[in-house]
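Asks: One structure, as structure tokens, below. Some questions next.
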Amino acid sequence: MFLLEQRKFFFTTTVAAIILALGTTSTGNADYPKFLKFPKFHNQPLFGGRVKNVILFIGDGMGDSEITIARNYSVGAAGRLTIDTLPFTGEYTTYSLQEKNPKLPDYVTDSAASGTGWATGNKTSNGRISTTAGTDKDLKTILELAKERGYKTGDVTTAELTDATPAVLLSHVSDRSCQGPQDTANCPQDKKSAGGPGSIAEQSIDHNVDVLLGGGKQRYSQTIDGGQFAGKSVIDAAKAQGYQIVTNAAQLQAAQPASRLLGLFSPGNMSLEWGGQPAIPYPGSGPQRCLENQRPADEPSLAEMTSKAISLLEQKADRGGFFLQVEGASIDKRDHAGNPCEQIGETVALDRAVKVALEYAKQHPDTLIIVTADHAHTSQIIPPPTATDHSPGKYSTLITADQAEMTVNYATNLPDNSQEHTGTQVRIAAHGPQGANVVGVLDQTDLFHIIARAIGAE
Ligand code: MG
Ligand code: ZN
């Protein structure tokens, strides 16, 4: 069903992109009819062109609202973030499926089902990691396809490496909670001792991904319960399979491309970039400016991890290409918590990582960069609350880069509970060859096909 829709979508987006580009002025290009005059910059994105490398950025929970809040705060309402400067922008729908009746949509996805959508081209039910709704069959991922075609691969996150977003690329389990070999209560059939592929941590190593960077040391320290490495920790199994292990920023900087690299920079999620007062019910917290530079110096930033991953993958790939996923994970986590400064700091950190990739693409124009989110989230910019007119949720007022007050509201759940994901469409943007394929209103599963096409798998 999605394949057929896919053909239609490539056609319509290409036509749409041509119509858009007709309005632009340029120096022209001999390869295309005279009446189609494009700036040289747009030729490849519009008409295809060879993609050597793909860098995919996922802002977890980074809906349009989260982007706007970060923009207003950090560069002002009329300013532009780096992610705003990508030349092609579309939107995609993110709904998942119901486990008991996969013919029906679940309008609010989680990161596991949405990740399965973009990583495999198939929708599934919430909580599943690259397995089918209802039937628990493995779904082939874009990272697996890239590996088969000789690409070097990398998976980078500020969450645990076994968290849902990085996990959908390199593992297949029935439940996202099965992060380490001792965390398999919800997926007994996947345990190595039961003849399964093991937890997400074990599968991440067994997939021989070239560069793995993030948090989650607590999962990799657990003991494997079956198979070749029974009785060893996942870290020791990784070493036996040719991984170099690094655990701080200095070690990451020194890492060489000779071996595969596993970076585990914290026991759980990596530290946050910024701090600030959490949102509270009326009259709310603030007005406040956020506390920047809160991350401990021995933990690398997302931009530093991105830079090192690109450098290692490029050296390893030699004349071949690479596929790299980079996740800004805690935009979502701090949106759940209702803390606007922490949420904005993580959004800005992802924006800085995208800048690293765009700088790389200047020197390597055969790089396709895609920036998107997995689902939308809670935070909303609302009018200042008054005693008679205010949201029943919680809020904080921030002093933005405009030197103006911005009220950020969290009200998708009771103030003391974890705030919820929301079901609206989210932005997808691209830069580089074949980038025009993101234009229009797509579905999350289309992202899989865009990348599969870019790496020659479709
Ligand atoms: Mg995530
Ligand atoms: Zn979430």
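Cβ coordinates are placed from backbone N, Cα and C, and glycine is handled just like the others.
Under the heading active site, phosphoserine intermediate, TrEMBL lists Ser111. Per TrEMBL, the feature Zn(2+) binding site maps to Asp60, Asp332, His336, Asp374, His375, His421. Feature annotation from TrEMBL assigns Mg(2+) binding site to Asp60, Asp163, Thr165, Glu327. Summarising the annotation, TrEMBL assigns compositional bias 'Polar residues' to 176-187. Per TrEMBL, the feature disulfide bond maps to Cys178-Cys187. Taken from TrEMBL, the feature region 'Disordered' covers 175-202.
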Asks: Is any of Cys187, Glu327, Asp332, Asp374 (recorded positions) within Cβ reach of ligand 2, i.e. under 6 A, and which?
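Replies: Result: Asp332.
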Asks: If I take the alpha carbons of His375 (Zn(2+) binding site) and Cys187 (disulfide bond), what is the distance between them in whole Å?
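Replies: Just about 25 Å between their Cα atoms.
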Asks: Would you list the DSSP helix, strand and coil counts for the residues of the compositional bias 'Polar residues' (176-187)?
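Replies: Taking the compositional bias 'Polar residues' (176-187) as a whole: 0 helix, 0 strand, 12 coil.
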Asks: Any idea what the Cα distance is from Cys178 (disulfide bond) over to His336 (Zn(2+) binding site), rounded to a whole Å?
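Replies: Each residue's Cα considered, Cys178 (disulfide bond) and His336 (Zn(2+) binding site) end up 21 Å apart.
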Asks: Quick check: of the recorded positions listed here (Ser111, Thr165, Cys187, Glu327), which one has the Cα closest to that of His336 (Zn(2+) binding site)?
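Replies: It is Ser111, whose Cα lies nearest.
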Asks: Rank the disulfide-bonded residues Cys178, Cys187 by the number of other Cβ atoms within 10 Å of each Cβ, and give the residue at the low end.
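Replies: Counting other Cβ atoms within 10 Å of each of the disulfide-bonded residues Cys178, Cys187, the minimum falls on Cys187.
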Asks: Residues sitting near the compositional bias 'Polar residues' (176-187): Cβ under 8 Å, six or more positions beyond its termini, same chain?
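Replies: Tertiary neighbours of the compositional bias 'Polar residues' (176-187) are 110-112, 127-129, 160, 162-164, 167, 196, 198-202, 216, 218-225, 234.
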Asks: Closest of the recorded positions to His421 (Zn(2+) binding site), Cα to Cα, picking from Ser111, Asp163, Thr165, Cys187, Glu327?
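Replies: So, spelling it out, the nearest of the recorded positions is Ser111.
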Asks: Based on DSSP, name the secondary structure state of Asp374 (Zn(2+) binding site): helix, strand or coil.
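Replies: The residue in question, Asp374 (Zn(2+) binding site), is coil (DSSP, three-state).
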Asks: Within the same chain, and leaving aside Asp60, Asp332, His336, Asp374, His375, His421, name every residue whose CB is within 8 angstroms of the centroid of the CB atoms belonging to the recorded Zn(2+) site, in sequence order.
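Replies: Same chain, not in Asp60, Asp332, His336, Asp374, His375, His421, Cβ within 8 Å: Gly61, Met62, Asp110, Ser111, Ser114, Ile331, Asp335, Ala373, Ala376, His377.
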Asks: By a 10 A CB contact count over all chains shown, which of the binding-site residues listed here is most packed: His336, His375, His421?
Replies: His375
Asks: Are any of Ser111, Asp163, Thr165, Cys187 (the recorded positions) within 10 Å of Asp374 (Zn(2+) binding site) when you go C-alpha to C-alpha, and if so which?
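Replies: Neighbours among recorded positions, in sequence order: Ser111, Thr165.
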Asks: Test of understanding: give the count of other CB atoms lying within 10 angstroms of the CB of Thr165 (Mg(2+) binding site).
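Replies: Summing over all protein chains shown, Thr165 (Mg(2+) binding site) has 28 other Cβ atoms within 10 Å.
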Asks: Please list the DSSP helix, strand and coil residue counts for the region 'Disordered' (175-202).
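Replies: When I sort the residues of the region 'Disordered' (175-202) into the three classes, I find 9 helix, 0 strand, 19 coil.
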